[in-house]
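Participant: The structure follows.
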Ligand code: SF4
């Protein structure tokens, strides 16, 4: 083997190992996949979902828990969508798969006025169809290909334009509490995914077939984050760590911390500070209950 080929192979192995570690850590930290799970990997045809499927299939071989994978693509009937690409690829790697065909493209075109952004309605329709499929097919986890940089972009979009301190969680209970969404790439850097995808030569399907432009605000966030990453290496890692390290008493949300009830102590009473935890507890209980119901197959 020539030096260049062996160097390239070493680089690829290192990259693959890092991505596997990132995904394995995220799965373990958030208990994303449990024994007996049926994981539906949503495949759009982009680099992120191809990488997700590849890494999960790889982990499936060595994971201490047994879980099933089903790859699902929603063909939204965008003009020029190359229908043969995904089935050919999925058959070549031997993964069970399903292609759902729904013409959401026409619905979006009919409902949204010319020139207005179509992504909001399009993604709502897509989400509804995928959630419905998951319920009908005994899926216990829906895996999406969002990565660390998507989470950070969403975080800053919410701060700059939404006035909210929120991002995109690695694990989520759907609003109707019938589905659990997981994002196993939550710790993966987009630049690693880009390189991995190029190495693997995935048959990428362009994402602009619908004619919609990439959301300009999100594009601006991506540029901002990439600029920071170049200028201040390590900054994005630090910001992501801060999402896992929240101090409600050092922010200003009176729903999360009982600022009103703060009392001076005369030293005689060592009572802990009044942290208001009603919201997280309610969420945790509902979450645990729904999760158990999904696992036991008793979810409504
Ligand atoms: S880019 Fe097109 S296909 Fe993607 S969410 Fe927006 S409207 Fe839908």
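Cβ from N, Cα, C; glycine included.
The shown structure was predicted, so the numbers you read here are calculated from the model rather than taken from an experiment.
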Participant: If you check TrEMBL, which stretch out of 38-43, 44-49, 50-55 is marked motif 'PP-loop motif'?
Facilitator: 44-49
Participant: Counting Cβ atoms within 10 Å across all protein chains shown, which of the binding-site residues 119, 210 comes out on top?
Facilitator: 210
Participant: Around the [4Fe-4S] cluster site formed by 119, 122, 210, which additional residues qualify by having Cβ within 8 Å of the site's Cβ center?
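Facilitator: Going along the sequence, the neighbours appear as 108, 117, 118, 121, 123, 212.
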